[in-house]
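Annotated features, as they stand in Swiss-Prot:
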| type | residues | note |
| --- | --- | --- |
| ACT_SITE | E244 | active site |
| ACT_SITE | C278 | active site |
| BINDING | G221, S222, S223, D224, T225, G226 | NAD(+) binding site |
Amino acid sequence: MTELFIDGAWVDGAGPVFASRNPGTNERVWEGASASADDVERAVASARRAFAAWSALDLDARCTIVKRFAALLVERKEALATMIGRETGKPLWEARTEVASMAAKVDISITAYHERTGEKRAPMADGVAVLRHRPHGVVAVFGPYNFPGHLPNGHIVPALIAGNTVVFKPSELAPGVARATVEIWRDAGLPAGVLNLVQGEKDTGVALANHRQIDGLFFTGSSDTGTLLHKQFGGRPEIVLALEMGGNNPLVVAEVEDIDAAVHHAIQSAFLSAGQRCTCARRILVPRGAFGDRFVARLADVASKITASVFDADPQPFMGAVISARAASRLVAAQARLVGLGASPIIEMKQRDPALGFVNAAILDVTNVRELPDEEHFGPLAQIVRYTDLDDAIARANDTAFGLSAGLLADDEQAWHTFRRAIRAGIVNWNRPTNGASSAAPFGGAGRSGNHRPSAYYAADYCAYPMASVESAQLQMPASLSPGLHF
(Lines of atoms letter the chains of each structure in order from A and count residues from 1; the text may use other names and numbers.)
(Lines give C-alpha, C1' and ligand atoms only; values in the text may rest on other atoms or scores of the structure.)
Protein backbone atom coordinates (compact mmCIF):
# COMPACT_ATOMS: atom_id res chain seq x y z
CA MET A 1 0.00 0.00 0.00
CA THR A 2 3.05 2.28 -0.09
CA GLU A 3 1.88 4.03 -3.24
CA LEU A 4 2.76 7.68 -2.55
CA PHE A 5 6.23 9.03 -3.27
CA ILE A 6 7.16 11.87 -0.91
CA ASP A 7 10.62 13.22 -0.14
CA GLY A 8 12.32 10.40 -2.01
CA ALA A 9 10.53 7.53 -0.27
CA TRP A 10 7.52 5.32 -0.94
CA VAL A 11 5.00 5.84 1.84
CA ASP A 12 1.46 4.85 2.77
CA GLY A 13 -1.43 7.15 2.01
CA ALA A 14 -3.85 8.07 4.77
CA GLY A 15 -6.88 8.55 2.52
CA PRO A 16 -9.49 6.12 1.21
CA VAL A 17 -8.41 3.01 -0.69
CA PHE A 18 -9.17 2.94 -4.41
CA ALA A 19 -8.22 0.72 -7.34
CA SER A 20 -7.73 0.74 -11.10
CA ARG A 21 -9.02 -1.96 -13.41
CA ASN A 22 -8.23 -3.19 -16.89
CA PRO A 23 -11.25 -1.99 -18.89
CA GLY A 24 -10.96 -4.92 -21.28
CA THR A 25 -11.04 -7.67 -18.64
CA ASN A 26 -12.17 -6.00 -15.38
CA GLU A 27 -8.96 -7.33 -13.79
CA ARG A 28 -7.70 -5.26 -10.85
CA VAL A 29 -4.42 -3.67 -11.92
CA TRP A 30 -3.51 -1.42 -8.99
CA GLU A 31 -4.78 -0.79 -5.47
CA GLY A 32 -3.66 1.65 -2.82
CA ALA A 33 -4.64 4.32 -0.33
CA SER A 34 -5.12 7.82 -1.67
CA ALA A 35 -3.28 10.87 -0.39
CA SER A 36 -5.08 12.74 2.36
CA ALA A 37 -4.88 16.51 2.79
CA ASP A 38 -2.05 15.95 5.28
CA ASP A 39 -0.22 13.77 2.75
CA VAL A 40 -0.55 16.52 0.16
CA GLU A 41 0.80 19.00 2.71
CA ARG A 42 3.87 16.81 3.26
CA ALA A 43 4.40 16.43 -0.49
CA VAL A 44 4.27 20.19 -1.11
CA ALA A 45 6.55 20.85 1.88
CA SER A 46 9.02 18.30 0.53
CA ALA A 47 9.01 19.96 -2.88
CA ARG A 48 9.50 23.37 -1.25
CA ARG A 49 12.51 22.15 0.73
CA ALA A 50 14.07 20.60 -2.38
CA PHE A 51 13.56 23.66 -4.56
CA ALA A 52 16.54 25.73 -3.44
CA ALA A 53 19.14 23.03 -4.13
CA TRP A 54 17.51 21.77 -7.33
CA SER A 55 17.12 25.23 -8.88
CA ALA A 56 20.71 26.11 -7.92
CA LEU A 57 22.05 22.95 -9.54
CA ASP A 58 23.91 23.56 -12.78
CA LEU A 59 21.63 23.23 -15.81
CA ASP A 60 23.87 20.56 -17.32
CA ALA A 61 23.56 18.51 -14.13
CA ARG A 62 19.77 18.72 -14.24
CA CYS A 63 19.79 17.75 -17.91
CA THR A 64 22.06 14.77 -17.19
CA ILE A 65 19.43 13.33 -14.85
CA VAL A 66 16.63 14.01 -17.31
CA LYS A 67 18.61 12.31 -20.10
CA ARG A 68 19.19 9.32 -17.83
CA PHE A 69 15.42 9.15 -17.36
CA ALA A 70 15.02 9.01 -21.16
CA ALA A 71 17.60 6.23 -21.44
CA LEU A 72 15.80 4.19 -18.78
CA LEU A 73 12.50 4.68 -20.61
CA VAL A 74 14.07 3.06 -23.66
CA GLU A 75 15.41 0.18 -21.55
CA ARG A 76 12.06 -0.40 -19.82
CA LYS A 77 9.85 0.36 -22.79
CA GLU A 78 8.08 -3.01 -22.84
CA ALA A 79 7.32 -3.09 -19.11
CA LEU A 80 5.92 0.45 -19.08
CA ALA A 81 3.97 -0.13 -22.30
CA THR A 82 2.43 -3.25 -20.78
CA MET A 83 1.32 -1.28 -17.73
CA ILE A 84 -0.17 1.42 -19.95
CA GLY A 85 -2.05 -1.23 -21.94
CA ARG A 86 -3.32 -3.07 -18.87
CA GLU A 87 -4.55 0.05 -17.14
CA THR A 88 -6.01 2.00 -20.07
CA GLY A 89 -7.00 -0.77 -22.47
CA LYS A 90 -5.08 0.71 -25.41
CA PRO A 91 -3.36 -1.83 -27.68
CA LEU A 92 0.30 -2.60 -27.06
CA TRP A 93 1.38 -1.17 -30.41
CA GLU A 94 0.01 2.19 -29.35
CA ALA A 95 1.32 1.97 -25.79
CA ARG A 96 4.82 1.33 -27.14
CA THR A 97 4.52 4.45 -29.28
CA GLU A 98 3.56 6.41 -26.17
CA VAL A 99 6.69 5.34 -24.28
CA ALA A 100 8.87 6.17 -27.28
CA SER A 101 7.31 9.63 -27.39
CA MET A 102 8.07 10.12 -23.69
CA ALA A 103 11.75 9.43 -24.32
CA ALA A 104 11.91 11.60 -27.44
CA LYS A 105 10.39 14.54 -25.56
CA VAL A 106 13.52 14.95 -23.44
CA ASP A 107 15.87 16.19 -26.17
CA ILE A 108 13.09 18.37 -27.58
CA SER A 109 12.54 19.94 -24.15
CA ILE A 110 16.24 20.59 -23.57
CA THR A 111 16.53 22.26 -26.98
CA ALA A 112 13.41 24.29 -26.22
CA TYR A 113 14.86 25.53 -22.93
CA HIS A 114 17.92 26.91 -24.69
CA GLU A 115 16.07 28.34 -27.69
CA ARG A 116 12.99 29.80 -26.02
CA THR A 117 14.33 30.56 -22.55
CA GLY A 118 17.86 30.00 -21.28
CA GLU A 119 20.18 33.04 -21.19
CA LYS A 120 20.76 35.72 -23.82
CA ARG A 121 23.12 38.74 -23.81
CA ALA A 122 23.19 41.96 -25.83
CA PRO A 123 25.75 44.79 -25.54
CA MET A 124 24.52 48.26 -24.58
CA ALA A 125 26.10 51.56 -23.62
CA ASP A 126 28.14 51.21 -20.41
CA GLY A 127 27.30 47.54 -19.94
CA VAL A 128 25.33 44.58 -21.17
CA ALA A 129 21.64 43.61 -21.21
CA VAL A 130 21.06 40.06 -19.99
CA LEU A 131 17.89 37.99 -20.23
CA ARG A 132 17.74 35.03 -17.88
CA HIS A 133 14.92 32.72 -16.91
CA ARG A 134 14.07 31.61 -13.41
CA PRO A 135 11.89 28.70 -12.24
CA HIS A 136 8.63 29.45 -10.50
CA GLY A 137 9.12 27.13 -7.54
CA VAL A 138 6.74 24.30 -6.66
CA VAL A 139 4.37 23.32 -9.46
CA ALA A 140 1.47 20.88 -9.37
CA VAL A 141 1.03 18.65 -12.44
CA PHE A 142 -2.33 17.01 -13.08
CA GLY A 143 -2.27 14.17 -15.61
CA PRO A 144 -5.05 12.58 -17.70
CA TYR A 145 -5.81 8.90 -18.28
CA ASN A 146 -5.71 8.74 -22.07
CA PHE A 147 -1.92 9.22 -22.28
CA PRO A 148 -0.97 8.68 -18.62
CA GLY A 149 2.75 8.59 -19.35
CA HIS A 150 3.24 10.95 -22.28
CA LEU A 151 0.99 13.89 -21.37
CA PRO A 152 2.12 14.45 -17.74
CA ASN A 153 5.65 13.96 -19.05
CA GLY A 154 5.07 16.96 -21.33
CA HIS A 155 4.71 19.12 -18.22
CA ILE A 156 7.12 17.39 -15.83
CA VAL A 157 10.20 17.24 -18.07
CA PRO A 158 10.32 20.95 -18.99
CA ALA A 159 9.40 21.91 -15.42
CA LEU A 160 12.36 19.97 -14.02
CA ILE A 161 14.77 21.23 -16.67
CA ALA A 162 13.83 24.80 -15.76
CA GLY A 163 14.56 24.11 -12.09
CA ASN A 164 11.08 23.70 -10.63
CA THR A 165 10.11 20.97 -8.20
CA VAL A 166 6.92 19.01 -8.83
CA VAL A 167 3.97 17.46 -7.04
CA PHE A 168 2.31 15.06 -9.49
CA LYS A 169 -1.34 14.07 -9.19
CA PRO A 170 -2.16 11.49 -11.91
CA SER A 171 -5.58 10.37 -13.04
CA GLU A 172 -7.22 8.01 -10.57
CA LEU A 173 -7.84 5.72 -13.56
CA ALA A 174 -4.11 5.23 -14.27
CA PRO A 175 -2.23 5.19 -10.94
CA GLY A 176 -0.11 2.18 -11.88
CA VAL A 177 1.41 3.99 -14.86
CA ALA A 178 2.21 6.95 -12.62
CA ARG A 179 3.96 4.75 -10.08
CA ALA A 180 6.01 3.01 -12.76
CA THR A 181 7.04 6.36 -14.25
CA VAL A 182 8.07 7.82 -10.90
CA GLU A 183 10.14 4.70 -10.18
CA ILE A 184 12.08 5.42 -13.38
CA TRP A 185 12.66 9.01 -12.25
CA ARG A 186 13.93 7.73 -8.91
CA ASP A 187 16.30 5.28 -10.59
CA ALA A 188 17.54 8.07 -12.86
CA GLY A 189 18.93 9.77 -9.75
CA LEU A 190 16.42 12.54 -9.18
CA PRO A 191 17.13 14.00 -5.70
CA ALA A 192 14.62 13.49 -2.89
CA GLY A 193 11.72 15.92 -2.92
CA VAL A 194 12.19 17.12 -6.49
CA LEU A 195 9.30 14.96 -7.75
CA ASN A 196 6.53 13.84 -5.41
CA LEU A 197 3.58 11.59 -6.29
CA VAL A 198 0.17 11.94 -4.64
CA GLN A 199 -2.32 9.30 -5.76
CA GLY A 200 -6.02 9.81 -5.29
CA GLU A 201 -9.39 10.81 -6.56
CA LYS A 202 -11.24 14.15 -6.41
CA ASP A 203 -10.45 15.02 -2.78
CA THR A 204 -6.72 14.60 -3.36
CA GLY A 205 -6.88 16.83 -6.42
CA VAL A 206 -8.84 19.51 -4.58
CA ALA A 207 -6.34 19.50 -1.70
CA LEU A 208 -3.43 19.97 -4.10
CA ALA A 209 -5.10 22.62 -6.26
CA ASN A 210 -6.14 24.58 -3.16
CA HIS A 211 -2.70 24.48 -1.53
CA ARG A 212 -1.40 27.99 -0.91
CA GLN A 213 2.25 26.99 -1.35
CA ILE A 214 2.14 25.95 -4.99
CA ASP A 215 3.46 28.47 -7.50
CA GLY A 216 1.96 26.92 -10.61
CA LEU A 217 -0.53 24.33 -11.78
CA PHE A 218 -0.11 22.52 -15.10
CA PHE A 219 -3.20 20.60 -16.21
CA THR A 220 -4.12 18.33 -19.11
CA GLY A 221 -7.66 17.01 -19.04
CA SER A 222 -11.30 17.82 -19.66
CA SER A 223 -12.51 21.32 -20.43
CA ASP A 224 -15.03 21.17 -17.59
CA THR A 225 -12.35 20.48 -14.97
CA GLY A 226 -9.97 22.99 -16.52
CA THR A 227 -12.68 25.66 -16.47
CA LEU A 228 -13.29 25.01 -12.76
CA LEU A 229 -9.57 25.41 -12.08
CA HIS A 230 -9.54 28.67 -14.04
CA LYS A 231 -12.39 30.00 -11.91
CA GLN A 232 -10.71 28.79 -8.73
CA PHE A 233 -7.53 30.74 -9.44
CA GLY A 234 -9.36 33.93 -10.41
CA GLY A 235 -7.83 36.79 -8.43
CA ARG A 236 -4.55 34.92 -7.89
CA PRO A 237 -2.20 36.31 -10.55
CA GLU A 238 0.79 34.85 -8.72
CA ILE A 239 -0.21 31.34 -9.85
CA VAL A 240 0.98 30.19 -13.28
CA LEU A 241 -1.93 28.23 -14.70
CA ALA A 242 -1.31 26.19 -17.86
CA LEU A 243 -4.39 24.40 -19.22
CA GLU A 244 -4.50 21.97 -22.15
CA MET A 245 -8.03 20.72 -22.64
CA GLY A 246 -10.33 19.09 -25.14
CA GLY A 247 -12.10 20.02 -28.33
CA ASN A 248 -15.12 19.49 -30.54
CA ASN A 249 -12.84 19.09 -33.51
CA PRO A 250 -13.98 19.31 -37.16
CA LEU A 251 -12.62 17.39 -40.13
CA VAL A 252 -13.79 18.85 -43.44
CA VAL A 253 -13.83 16.43 -46.38
CA ALA A 254 -13.87 17.99 -49.85
CA GLU A 255 -14.46 16.14 -53.12
CA VAL A 256 -11.19 14.26 -53.63
CA GLU A 257 -9.83 11.82 -56.18
CA ASP A 258 -8.74 9.12 -53.71
CA ILE A 259 -11.81 8.40 -51.62
CA ASP A 260 -10.15 5.55 -49.71
CA ALA A 261 -7.34 7.85 -48.60
CA ALA A 262 -9.95 10.29 -47.30
CA VAL A 263 -11.79 7.49 -45.50
CA HIS A 264 -8.53 6.26 -43.97
CA HIS A 265 -7.68 9.70 -42.60
CA ALA A 266 -11.23 10.11 -41.30
CA ILE A 267 -11.03 6.74 -39.52
CA GLN A 268 -7.69 7.71 -37.98
CA SER A 269 -9.07 11.11 -36.98
CA ALA A 270 -12.22 9.81 -35.33
CA PHE A 271 -11.37 6.37 -33.97
CA LEU A 272 -7.64 6.20 -33.18
CA SER A 273 -7.12 5.43 -29.47
CA ALA A 274 -10.82 4.49 -29.41
CA GLY A 275 -11.55 8.17 -29.95
CA GLN A 276 -9.80 9.08 -26.68
CA ARG A 277 -7.43 11.72 -28.00
CA CYS A 278 -8.29 15.33 -27.36
CA THR A 279 -7.45 16.01 -31.03
CA CYS A 280 -9.78 13.35 -32.43
CA ALA A 281 -12.35 14.53 -34.96
CA ARG A 282 -15.78 14.67 -33.32
CA ARG A 283 -17.48 16.17 -36.38
CA ILE A 284 -16.85 15.02 -39.96
CA LEU A 285 -18.15 17.57 -42.45
CA VAL A 286 -19.07 16.01 -45.80
CA PRO A 287 -20.37 17.71 -48.97
CA ARG A 288 -23.96 17.20 -50.01
CA GLY A 289 -24.45 15.26 -53.23
CA ALA A 290 -23.21 12.06 -54.82
CA PHE A 291 -19.59 12.27 -53.67
CA GLY A 292 -20.64 12.83 -50.07
CA ASP A 293 -23.01 9.87 -50.26
CA ARG A 294 -20.22 7.62 -51.56
CA PHE A 295 -17.82 8.86 -48.87
CA VAL A 296 -20.25 8.22 -46.01
CA ALA A 297 -21.08 4.75 -47.35
CA ARG A 298 -17.40 3.82 -47.64
CA LEU A 299 -16.64 5.28 -44.20
CA ALA A 300 -19.42 3.20 -42.67
CA ASP A 301 -18.23 0.09 -44.50
CA VAL A 302 -14.66 0.39 -43.17
CA ALA A 303 -15.68 1.49 -39.67
CA SER A 304 -18.08 -1.43 -39.31
CA LYS A 305 -15.16 -3.84 -39.71
CA ILE A 306 -13.18 -2.40 -36.77
CA THR A 307 -13.21 -4.86 -33.88
CA ALA A 308 -12.07 -3.71 -30.46
CA SER A 309 -10.09 -6.22 -28.41
CA VAL A 310 -7.88 -6.59 -25.33
CA PHE A 311 -4.61 -4.68 -25.22
CA ASP A 312 -2.33 -7.69 -25.77
CA ALA A 313 -4.40 -9.52 -28.39
CA ASP A 314 -2.54 -11.23 -31.23
CA PRO A 315 -2.99 -9.99 -33.90
CA GLN A 316 -3.19 -6.50 -32.47
CA PRO A 317 -6.49 -4.61 -32.85
CA PHE A 318 -6.88 -1.07 -34.16
CA MET A 319 -8.99 -0.18 -31.12
CA GLY A 320 -8.97 -1.30 -27.51
CA ALA A 321 -11.53 -0.65 -24.82
CA VAL A 322 -12.33 2.86 -23.67
CA ILE A 323 -11.03 3.69 -20.21
CA SER A 324 -13.87 2.14 -18.19
CA ALA A 325 -17.27 0.50 -18.35
CA ARG A 326 -18.71 3.74 -16.99
CA ALA A 327 -17.15 5.73 -19.83
CA ALA A 328 -18.60 3.26 -22.33
CA SER A 329 -22.10 3.59 -20.90
CA ARG A 330 -21.80 7.39 -20.99
CA LEU A 331 -20.99 7.25 -24.69
CA VAL A 332 -24.03 5.09 -25.38
CA ALA A 333 -26.15 7.54 -23.37
CA ALA A 334 -24.72 10.49 -25.34
CA GLN A 335 -25.68 8.71 -28.55
CA ALA A 336 -29.23 8.25 -27.27
CA ARG A 337 -29.50 11.97 -26.45
CA LEU A 338 -28.34 12.92 -29.95
CA VAL A 339 -30.80 10.51 -31.54
CA GLY A 340 -33.50 12.06 -29.39
CA LEU A 341 -32.58 15.45 -30.87
CA GLY A 342 -32.98 14.13 -34.41
CA ALA A 343 -29.68 12.42 -35.27
CA SER A 344 -29.83 9.41 -37.59
CA PRO A 345 -27.62 6.42 -36.68
CA ILE A 346 -25.46 5.16 -39.54
CA ILE A 347 -23.62 2.75 -37.25
CA GLU A 348 -25.17 2.46 -33.80
CA MET A 349 -22.83 2.27 -30.81
CA LYS A 350 -23.33 -0.67 -28.47
CA GLN A 351 -21.53 -1.65 -25.28
CA ARG A 352 -20.42 -5.25 -25.58
CA ASP A 353 -20.55 -6.03 -21.84
CA PRO A 354 -21.86 -3.71 -19.08
CA ALA A 355 -18.82 -4.61 -16.94
CA LEU A 356 -16.27 -3.73 -19.65
CA GLY A 357 -15.20 -0.73 -21.72
CA PHE A 358 -15.72 -2.21 -25.18
CA VAL A 359 -17.83 -0.19 -27.60
CA ASN A 360 -17.84 -0.25 -31.38
CA ALA A 361 -16.98 2.68 -33.64
CA ALA A 362 -20.22 4.59 -34.21
CA ILE A 363 -21.36 7.15 -36.78
CA LEU A 364 -24.38 9.46 -36.50
CA ASP A 365 -25.70 11.88 -39.12
CA VAL A 366 -26.51 15.04 -37.14
CA THR A 367 -27.16 17.33 -40.11
CA ASN A 368 -30.83 17.75 -39.21
CA VAL A 369 -30.26 18.40 -35.50
CA ARG A 370 -31.30 22.04 -35.11
CA GLU A 371 -29.53 22.78 -31.85
CA LEU A 372 -26.53 20.47 -31.88
CA PRO A 373 -24.82 20.48 -28.46
CA ASP A 374 -21.27 21.84 -28.54
CA GLU A 375 -19.83 18.89 -26.62
CA GLU A 376 -16.80 16.64 -26.66
CA HIS A 377 -17.81 12.98 -26.51
CA PHE A 378 -14.55 11.30 -25.54
CA GLY A 379 -14.75 8.08 -27.50
CA PRO A 380 -15.40 6.54 -30.93
CA LEU A 381 -18.59 8.48 -31.66
CA ALA A 382 -18.34 10.42 -34.95
CA GLN A 383 -20.95 12.92 -36.11
CA ILE A 384 -21.55 13.50 -39.83
CA VAL A 385 -22.55 17.03 -40.89
CA ARG A 386 -23.43 17.66 -44.56
CA TYR A 387 -22.49 21.05 -46.08
CA THR A 388 -23.15 22.94 -49.32
CA ASP A 389 -19.83 24.66 -50.12
CA LEU A 390 -16.48 25.46 -48.49
CA ASP A 391 -17.72 28.68 -46.89
CA ASP A 392 -20.60 26.75 -45.33
CA ALA A 393 -18.19 24.03 -44.14
CA ILE A 394 -15.86 26.56 -42.51
CA ALA A 395 -18.77 28.34 -40.81
CA ARG A 396 -20.04 25.04 -39.41
CA ALA A 397 -16.52 23.97 -38.39
CA ASN A 398 -16.01 27.21 -36.47
CA ASP A 399 -19.40 26.92 -34.75
CA THR A 400 -17.85 25.82 -31.45
CA ALA A 401 -16.46 27.37 -28.29
CA PHE A 402 -13.47 25.03 -28.60
CA GLY A 403 -10.50 25.37 -30.91
CA LEU A 404 -8.03 22.54 -30.50
CA SER A 405 -7.62 20.79 -33.86
CA ALA A 406 -9.15 20.91 -37.31
CA GLY A 407 -8.41 19.30 -40.64
CA LEU A 408 -9.14 19.55 -44.34
CA LEU A 409 -8.97 16.67 -46.83
CA ALA A 410 -8.79 18.29 -50.26
CA ASP A 411 -6.87 18.03 -53.53
CA ASP A 412 -7.24 21.77 -54.16
CA GLU A 413 -4.40 23.79 -52.60
CA GLN A 414 -6.38 27.02 -52.87
CA ALA A 415 -9.11 25.42 -50.74
CA TRP A 416 -6.43 24.68 -48.15
CA HIS A 417 -5.23 28.30 -48.08
CA THR A 418 -8.81 29.50 -47.66
CA PHE A 419 -9.39 26.98 -44.89
CA ARG A 420 -6.24 27.66 -42.87
CA ARG A 421 -6.84 31.42 -42.96
CA ALA A 422 -10.42 31.15 -41.75
CA ILE A 423 -10.40 28.23 -39.30
CA ARG A 424 -10.04 28.86 -35.57
CA ALA A 425 -7.87 26.15 -34.01
CA GLY A 426 -4.39 25.66 -32.61
CA ILE A 427 -3.62 22.58 -34.74
CA VAL A 428 -4.76 22.78 -38.37
CA ASN A 429 -3.83 19.96 -40.78
CA TRP A 430 -4.14 19.44 -44.53
CA ASN A 431 -4.53 15.90 -45.88
CA ARG A 432 -3.49 14.50 -42.52
CA PRO A 433 -5.61 13.24 -39.60
CA THR A 434 -6.71 15.83 -37.04
CA ASN A 435 -4.79 13.97 -34.34
CA GLY A 436 -1.51 14.08 -36.22
CA ALA A 437 0.74 16.51 -34.32
CA SER A 438 4.47 17.13 -34.43
CA SER A 439 6.31 16.62 -31.13
CA ALA A 440 8.50 19.58 -32.01
CA ALA A 441 5.56 21.95 -32.54
CA PRO A 442 3.30 23.74 -30.05
CA PHE A 443 0.40 21.57 -28.89
CA GLY A 444 -2.80 23.27 -27.80
CA GLY A 445 -5.74 25.32 -28.92
CA ALA A 446 -7.89 28.40 -28.65
CA GLY A 447 -11.10 29.14 -26.79
CA ARG A 448 -12.21 26.50 -24.30
CA SER A 449 -9.41 24.21 -25.46
CA GLY A 450 -6.83 25.87 -23.24
CA ASN A 451 -4.46 28.75 -22.63
CA HIS A 452 -0.96 27.33 -23.10
CA ARG A 453 1.01 24.94 -25.29
CA PRO A 454 2.43 21.94 -23.40
CA SER A 455 4.53 19.06 -24.65
CA ALA A 456 6.88 20.98 -26.95
CA TYR A 457 8.78 24.22 -27.36
CA TYR A 458 6.19 26.50 -25.78
CA ALA A 459 6.14 24.48 -22.55
CA ALA A 460 9.45 26.14 -21.70
CA ASP A 461 7.63 29.49 -21.66
CA TYR A 462 5.31 28.69 -18.77
CA CYS A 463 7.90 26.69 -16.80
CA ALA A 464 10.08 29.74 -16.15
CA TYR A 465 9.69 33.50 -15.93
CA PRO A 466 12.01 35.99 -17.68
CA MET A 467 14.36 38.09 -15.57
CA ALA A 468 15.83 41.10 -17.40
CA SER A 469 19.04 42.73 -16.16
CA VAL A 470 21.30 45.58 -17.23
CA GLU A 471 24.79 44.95 -15.89
CA SER A 472 28.18 46.60 -15.68
CA ALA A 473 31.23 44.99 -14.11
CA GLN A 474 32.54 48.37 -12.96
CA LEU A 475 30.75 50.94 -10.84
CA GLN A 476 31.55 54.39 -12.25
CA MET A 477 30.07 57.81 -12.84
CA PRO A 478 28.35 58.26 -16.21
CA ALA A 479 30.02 60.33 -18.90
CA SER A 480 27.27 62.95 -18.59
CA LEU A 481 24.83 63.81 -15.81
CA SER A 482 21.09 64.26 -16.01
CA PRO A 483 19.88 67.87 -15.96
CA GLY A 484 19.67 69.32 -12.47
CA LEU A 485 22.27 67.03 -10.88
CA HIS A 486 25.47 68.62 -9.54
CA PHE A 487 28.51 66.72 -8.23
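We number each residue from 1, going along the chain as drawn.
The backbone N, Cα and C atoms fix where each Cβ goes, and this holds for glycine too.
Keep in mind that this is a model prediction, so the values were computed, not measured.
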Please determine which of the binding-site residues listed here (S222, S223, T225) has the lowest count of neighbouring CB atoms within 10 Å.
S222
Taking the Cβ of G221 (NAD(+) binding site) as centre, how many other Cβ atoms lie within 10 Å?
21
Sequence order is fine: just name those recorded positions in G221, S222, G226, E244 with a Cα within 10 angstroms of C278 (active site).
G221, S222, E244
For G226 (NAD(+) binding site), the number of other Cβ atoms found within 10 Å of its own Cβ:
23
If you measure D224 (NAD(+) binding site) to E244 (active site) at Cα, how many Å is it?
12
Any further residue of that chain within 8 Å (Cβ to the Cβ centroid of G221, S222, S223, D224, T225, G226) of the recorded NAD(+) site:
F219, T227, L228, M245, G246
Given the recorded positions D224, E244, which one is most crowded in terms of C-beta atoms within 10 angstroms?
E244
10 Å Cβ neighbour count around C278 (active site)?
30
Could you give the Cα-Cα distance between E244 (active site) and S223 (NAD(+) binding site), in whole Å?
8
